[in-house]
Amino acid sequence: MSSLTSNQHVLDWVKEMEDLMTPDKTIWIDGSEGQLRALREEAFKTGELTELNQEKLPGCVLHHTAKNDVARVEDRTFICTSNKADDCAMINWMEPTAMKAKLTPLYKGVMKGRTMYVIPYCMGPVGSPFSKVGIEVTDSIYVVLNMDIMTRIGIKALRQLGDSNDFVRGQHARADIDAENRYIVHFPEDNAIWSINSGYGGNVLLGKKCFALRIACYQGYKEGWMAEHMLILGVEDPSGHVDYVTAAFPSACGKTNLAMLIPPEIYAKKGYKVWTVGDDIAWMHVGADGRLYAINPENGFFGVAPGTNEKSNPNALATTRQGTIFTNVAHNLTDNTVWWEGLDKNPPEDAQEWTGLAVDGKEYVAGGGKLAHPNSRFTAPATGCPCLSKEFNNPDGVPVTAMVFGGRRAKTAPLVYQSFSWNHGVYVGSSMASETTAAAAGAVGVVRRDPMAMRPFFGYNVGDYFAHWLDMGKKLGDKAPKIFHVNWFRTDDEGHFIWPGFGDNMRVLMWILNRCKGEVDAVETAIGYLPHAEDIDITDLNGVTLDTVKNLLNVDKDLWLEDAKGVEELYDQIGDHVPAELRAELNALKDRLSK
Ligand code: GTP
Ligand code: SPV
Ligand code: MN
């Protein structure tokens with residue numbers, strides 16, 4: 001098929017890709033339903049996709065990746081810049097020329113006998129001055145169909161680009177099992193991403209983590225805006241006023257769930273509502289009125305399936321009922337639908353586990369072999385989300401009232417606290433730590449530092465990134481959002497979560513917004529402003545008493561001093577680019593804790 005554009009920069013680059021990878025043919029993705037339908041049909045024939053029950057799950061399909069290819073691979077992810085200082089121990093760095101020399105042979109002729117799909121895509125609402133265009137070439141239909149859900153693809157993206165050379169060049173080949181030669185590599189200075197030998201979401205949907213975080217945070221640093229691993233939600237009060245909150249939690253730590261929260265009855269009956277703008281990534285700019293505005297660069301949700309159910313997250317579940325690609329969940333053979341741990345109590349009678357091995361549902365032992373992979377995912381269009389904000393496509397974005405950091409901390413962090421200032425808030429973000437999850441390959445449940453939930457997604461020196469946050473605070477002045485930290489994951493002595501979480505996190509959001517409005521006072525502690533326990537509304541909350549809340553708000557100074565040492569080690573590891581302001585915040589915290 002002929003090309004869809006007369007943009008010479010695009011044509012030259014696509015030609016370069018054809019010469020390198022020598023596909024048998026090239027197909028330009030225009031985004032039309034007819035073209036996408038034909039690709040789906042083709043993937044059904046080859047077994048790349050399985051069509052699910054079209055009465056129960058219209059437009060939904062199932063896909064399995066290779067067994068060794070089920071999560072992001074952080075040890076094989078690189079940032080390649082000319083700046084040696086970007087090698088700051090938190091991200092893998094390599095000199096660009098050396099990396100290109102290493103990888104080019106892997107791409108040579110790699111698409112021989114195959115088709116190259118050219119996907120133009122727009123990150124952010126089409127027509128927004130904050131949106132950016134990328135072009136991904138790939139030999140995977142699965143990637144094309146996912147990109148169609150997650151971004152705005154085809155002719156509209158090319159129209160947004162016009163004749164400009166400002167687009168991110170993404171080259172992906174071989175959704176393969178060759179883990180030895182798997183690489184996810186970024187060249188921020190060239191606006192380029194090279195991905196090879198993986199077929200898993202975050203490694204191959206190049207608009208997502210590769211562009212919208214790793215490349216975009218570097219662009220934001222150069223251009224004076226921010227790209228963050230943050231959900232965006234709106235809380236509508238009974239008068240119809242909406243306040244927007246962004247929140248950064250590490251992978252598989254609750255962003256999608258918070259973004260789609262359903263308020264408990266006590267708030268719902270008063271008329272409070274929660275609206276979803278984004279569940280994973282926020283691009284934020286200072287608006288004409290001096291406030292910070294956020295857009296969601298994505299157009300769909302690539303969410304964790306296990307644990308999603310009618311009770312924990314009915315909105316997410318409803319979102320996945322149409323037009324969704326399921327990856328590595330179990331196949332429910334009784335009615336050709338899908339299943340995962342935590343969808344309902346019992347696995348279906350006749351289920352096929354994600355690896356494709358037949359498993360007798362009756363022999364299933366909870367906690368034993370999983371039917372769905374713990375990092376199995378749904379790719380669902382935003383349009384199917386019952387609580388999608390009407391501002392979702394607003395080209396200017398939404399004004400941010402509060403920013404929230406959080407992670408999985410069994411003991412240290414309290415349910416919620418507020419930073420003393422913007423700079424202290426940046427310190428709080430920089431000091432984040434969380435227990436690792438199945439979203440990345442490697443051990444699960446190990447505490448590691450994860451500044452701003454960006455550890456796997458930094459595109460340049462982490463100290464410079466902290467300095468950029470401080471600069472944004474200076475620009476925003478007294479219009480800056482207030483910064484908070486939450487922890488839904490404190491456990492009791494038996495290891496059970498103490499806080500019920502999910503919809504009940506609304507109770508914490510309400511305290512946060514009341515603080516922003518100056519409607520509730522707080523206790524000044526060594527770590528920040530904490531709620532008076534009475535100010536967390538626990539009306540109708542089974543099993544939670546005032547004492548439970550007090551326990552959740554308890555700050556153990558010894559644990560915190562220990563944690564401060566961890567932050568110091570992190571800063572030392574990052575090195576001399578860590579801003580003096582943050583070192584000062586750390587020292588001030590240690591002083592307050594030692595009093
Ligand atoms: P990524 O898509 O990887 O960035 O993950 P995410 O941050 O969007 O996480 P998600 O909302 O998908 O939640 C991941 C896991 O955390 C799921 O198993 C949820 O059931 C669990 N979870 C989410 N919110 C809560 C909560 O408030 N309390 C508890 N205990 N678990 C939660
Ligand atoms: C995450 O791991 O933070 C995700 C999934 O949102 S992935 O797209 O794989 O990065
Ligand atoms: Mn994420």
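Just so it is clear, glycine is given a Cβ too, placed from its N, Cα and C backbone atoms.
Residues or ranges marked as domain 'Phosphoenolpyruvate carboxykinase GTP-utilising N-terminal' in TrEMBL: 12-220.
In the three-state DSSP reading, S251 (substrate binding site) counts as coil. Feature annotation from TrEMBL assigns substrate binding site to R72, Y200, G201, G202, S251, N375, S376, R377.
Residues annotated as Mn(2+) binding site in TrEMBL: K209, H229, D280. Taken residue by residue with DSSP, H229 (Mn(2+) binding site) is part of neither helix nor strand, so it is coil.
For 225-592, the entry in TrEMBL reads domain 'Phosphoenolpyruvate carboxykinase C-terminal P-loop'.
Here TrEMBL flags C253 as active site. Close to C253 (active site) in the fold, though at least 6 residues off in sequence, lie G406, G407, R408, S434, T437, A453, F489, each with a CB less than 8 Å from its CB.
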Recorded positions close to ligand 2 - of C253, N375, R377, only those whose C-beta is under 6 Å away: none
Integer Å distance between the CA atoms belonging to G202 (substrate binding site) and K209 (Mn(2+) binding site): 6
Sparsest-packed of the listed binding-site residues (K209, R377) - C-beta count within 10 angstroms: K209
Sequence-ordered binding-site residues from R72, G202, K209, N375, R377 with Cβ under 6 Å of an atom of ligand 1: none
Distance from H229 (Mn(2+) binding site) back to R72 (substrate binding site), taken between C-alpha atoms, in Å: 15
Sequence-ordered recorded positions from Y200, G201, G202, C253, N375 with Cβ under 6 Å of an atom of ligand 3: none
